[in-house]
Each structure stands twice: as C-alpha cells, then as structure tokens.
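This report concerns only the one structure given below.
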Amino acid sequence: MNLAVRRGSRIHPHLRAPPHTPVAAGFLRLRLAMATTHHLCLLRPTVLSVPVRLRAPWPPHPRLPTAASSYHAPTHLRRLRPLPATAGGASPGGADGGKRPAPAATSFPLGAALVDFARSNFLPLALIAGIALGLMDPTLGCLAHKYSLSKYSTFGIFLISGLTLRTKELGAALEAWPAALFGLASILLFTPFLAQFIMQIKFFPHEFITGLAMFCCMPTTLSSGVTLTQLVGGNTALALAMTAISNLLGIMIVPLSLAKYIGVGAGVSLPTEKLFKSLVTTLLIPIILGKVARETSKGIAGFVDGNKQGFSVTSAILLSLVPWIQVSRSRSLLLSVQPKAFAVAVTVGVLLHFALLAFNASALHILSRLEQREVSVFARNEYARAVILVASQKTLPVLVAVVEQLGGALGESGLLVIPCVAAHINQIIIDSIIVNWWRQRDQQFANAK
C-alpha cells in the first residue's frame, strides 16, 4: 500500500478536500489511521514508530492522537534502524509504556539435581556419613555397640536380600553356564588367592592391609554388580545367578579362605567352625526367611517389587550403621593414624580392584580362544561384561559380619573396616566409569552401521 499522497492523485469526489487547508491534513491523518488498523504488522507486540513524511507542501499543524503514529511504513518508504534494548527486555512501544515486566529467569534446578544424585549414590553417601558421624561424636555409636545393634542390622540386611531375590530369572542363565561357572570360581577360589600376596605388604597400621586381604576373600556384591550389568546391557540373569550362588556358597568357603590366607599370614588361628556357625545364623537364616516369605506370599512379593527403592535405602542405612559403630569404638585409634597411611591403603584398594578386573578380562579372553565354537559364550558381550563386573567386586556386608564375629582376633575392628569401606566405594566408581565407556563405544558402533 502506497501511503505517500502525491498532488493530483485521484480521490473519491465526495471525499476530496482542498489541498492547502487544515481540513485536508486532518483528512489524510484519518485515512492513515484507518489503513494501519488493518495492517498485519500491528499484531506484533513490539511496535516501531517511524515518521511518515507527506509530500504535500501543507503547513505543519498539531498532530491528532491517532494510531498513525505507530504505523509500520513499508520498506520502500522508510529505513529501519535497530532500537536499543531496554532494561528487562521490555518493548519501548508496548501498551504499558515500555514497562513490560521481564520474564522470570529460568533457575537451575539445583535441588532436583541434588536429590537425584543422592538417590543414585545413596549407599556411598550413607557409608561416608556413618564414618563421619562416628569420628565427630562416638557417644551414640558406643551406646549402639553396647546393645549389639550391629548384629540386628546385619540380620536385617540379609533379610532384605532374601526378600528381593528372584529365582524365576535364574533359569535364563543356564545357557551361559560355562561363564557362570568361571565367575563363581573367580569369586570364591581365584581372587581370594591374592590375599596371601597382600598380607606380605609391611604397613602400619597392619589392620589396613589385613582388612583389604580379608576383602579379597569375600563373595561378590549383593546389588551393585547386577545394577551395573543391567545398565550396560549385559545378561542380568547371569549376574543374578552368580550373585545369589556366590553369597550362599561363601558362607561355607569364606571361613576356609580366611583361615588359609589370612590366619596363617597373620600368625593367628581363626575359629573356623565358630565362624561358620555364626555366618549361618547371621547370613543364611535371614536370606532363607526372606526368600520363603517372598515365595509363599504374592502380596509380600508384589509389595517388595513395588518398593525396591525403599528397600534399597533401608538396606543402605542398615549397612552404614556398622562402620558407624566400628569407627565410634575405634575413634581414638583412627585419629592417631596419619593421613598418608590412609591414602596408601586407599591406593592399594584401587590397585586391587584393577588387578581383579584385569584378571577376569584376560581369563575370559583366553577361554574364548580355547572354546571350540563359532561364537564362544565367553566372547559374547552380554555374558563377558556380566562376569567381569560381578566377579571383580567384593561385598562389604559379609566382611562386616565376619569382622563382628571375629571379635578383634585380627586386630581393631574399626581399622579393619575403614579401608574396605573405601575400597567398596572406589570399586563402584571405577566400574561406573567402565560401564559408561562401554555404552559410549556401543553407541559409536551402532551409529557407524
């Protein structure tokens, strides 16, 4: 629409006005106002005000308050210049006189991120909190030890393990029985063999090294190995089978391993028979009770499956009570340990986990070459990754139960547990990094196809 009015332009004869009168100027302003009310540019919230110069040589007159002052002239009649931004992002030509409120800034959901981090890492955080609480104020921890709270907490941990243990998925691991057999042998026979080499390390306090050597003799973790296997797309049924069987057989094999590799190295005769009976009472009976309750009542099974997060949190809290009590009892001795000694013990725990990972990965590679099949069970990623993750981890609850039953036969209980807590946390962190690397590599291969 050409809004410039030239002299001699044709106008309806009934609307024509003399060209040099104030009436003509008002008439043209009225036409401009009527035209701009139907222009699409007025639908935008931000309005640019530009002057419209009429070519008629009429004398200037006072402007009427019409909408023509906010008209967007066509591009061939005007040159647009960028307007300076106003504070808060308000538009200078808005209906509120340029004082339009700025949109609220999107704040980072820090609270939600912290809650999600706490849920994903509740067990390590609970263990660290228990240790810190015991170091700050040992009064409550010593009182809990007086009433044998750690024994009840250990019973509760394995009762929950029995409630959450599924058997229908274990049959799916029968196809990979060679991998499962190797995993069990690695957990209960091969990796405990490393304990005798760890016992050769001369270190003060000697309980740090003894605790890590005991850690080698433990079965696999109760939950983290299965969880990481599921995250990386491994065979969860195989991981569950190795976890359940190794923890059940460990009740019989762990006392023998401790007596052979730890007791001899420490020059201490361990009460193997007494320890076996104690583990049956503390570990096996609650697992059986939980499993029987799950299998006999569908309501209990459904409730447990529907509240996995709550049972996991409860188990983590019960587990954190044990290092809290042990650290409270040994607080004065722990404070006398130099930070350098603790750093060395943590480093030994990290190297131990890397040694277990390397051993299991190398053994699977060798077995895959020896097996006479087109596609070896040991070479399939879903089986190999499950075995590597589960067979390289060691459980903390069983260690805590063993330390409780030994009653200080191998040294101060708190000093035995502390390096194992650090090793338990470090193995979860290291394996999480490995799982993420595997997933990224799988994604790259999938994108390349």
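Glycine is no exception: its Cβ is also placed from the backbone N, Cα and C atoms.
Note that the coordinates shown come from a computational prediction; the quantities given were computed from them, not determined experimentally.
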Between the candidate ranges 13-34, 211-232, 387-408, where does TrEMBL place the transmembrane segment annotation?
211-232
Residues from the same chain, set at least six apart from the ends of the transmembrane segment (238-263), whose C-beta lies under 8 A from its own:
161, 165-166, 169-170, 173, 176, 179-180, 183-184, 187-189, 192-193, 195-196, 199, 210, 213-214, 216-222, 225-226, 229-230, 269-270, 272, 275-276, 279-280, 283-284, 287, 382-383, 386-387, 389-391, 395, 398, 402, 410
Residue list, the transmembrane segment (117-136) vs rest of chain: Cβ under 8 Å, 6 or more residues beyond ends.
224, 309, 312-313, 316-317, 319-328, 331, 334-335, 396, 418, 421, 424-425, 428-429
Let me spell it out: take the transmembrane segment (341-367), skip the flanking residues so only those 6+ beyond its ends count, and list any with a Cβ under 8 Å from a Cβ in it.
178-179, 182, 186, 190-191, 194, 198, 201, 203-205, 208-209, 212, 215-216, 376, 378-379, 384, 387-388, 391-393, 418-420, 422-423, 426-427, 430, 434
